[in-house]
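Asks: Starting off with a structure, shown below.
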């Protein structure tokens, strides 16, 4: 009988993703909307990467970090959206066990990398606004590289432990994931093992990553705002704040959705609400970043015009 139990435990070779609605018209509508957003996201972020690369004026650390963020958004949304689009049209909405774990790993790693990058970008803005005379000495090409590479490498390692722990859980015969991708909470709900240790580790890890990055970002912005308040002229205040406002918007949207999703020990959000919030940061936020940054940034718009005229 123990052999029987053993074979019973290892039966899940693939998961079925419930996704959104089962109504075919609804699925085609969602497919169209998400496909358009995905194409715009890829295009928008590739434009940012290209403009920053081609325009020597934009070779400052701030824009180089932005280029990293745009590349990250392309990877992040590609981890989730193509599979989701395929499943919206497929009769059998499935993902293999290894595919599911890979998706989970990239999703966590890239999400963590985004936290680190946003914190580093806030620190860069803090130096530029609060320590302008020291800026060139503090943010050299070498320190920029160290901060950017550090963000990516730390992100790569952040995803390992949660993913390893989830992949070692037992999933018995029931394999329906009530979500459109392999996220942590639906997988924990599915497992027939005791998930207490895994939940605790993931909760502590996401709390550490999110709160440390969020605090760094918050402190940077509080110091920036205090510094801006000291500027005597109104136009000076406005100009200085405009260099930071777009980043602040991105940070607010990102942390708002992330904290509401992951920093709670019990996974008690309804599945539909869970999916709605997930769409925000896997589909919508990667599109918002290029829009917010490029439309609110005069130097970027000028550089884009130059390139368009040149070609």
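The first residue you see is number 1, and the count goes up from there.
Each residue, glycine too, has its Cβ placed from N, Cα and C.
According to TrEMBL, the feature domain 'G-protein coupled receptors family 1 profile' maps to 44-293. Per TrEMBL, transmembrane segment is recorded for 28-49, 69-90, 102-123, 143-164, 200-229, 241-263, 275-295.
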Asks: Among the recorded stretches 28-49, 102-123, 143-164, 275-295, which has the greatest number of Cβ pairs closer than 8 Å to the transmembrane segment (241-263)?
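Replies: Highest pair count goes to 275-295.
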Asks: Where does the mean pLDDT land for the domain 'G-protein coupled receptors family 1 profile' (44-293)?
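Replies: Across the domain 'G-protein coupled receptors family 1 profile' (44-293), the average pLDDT comes out at 88.
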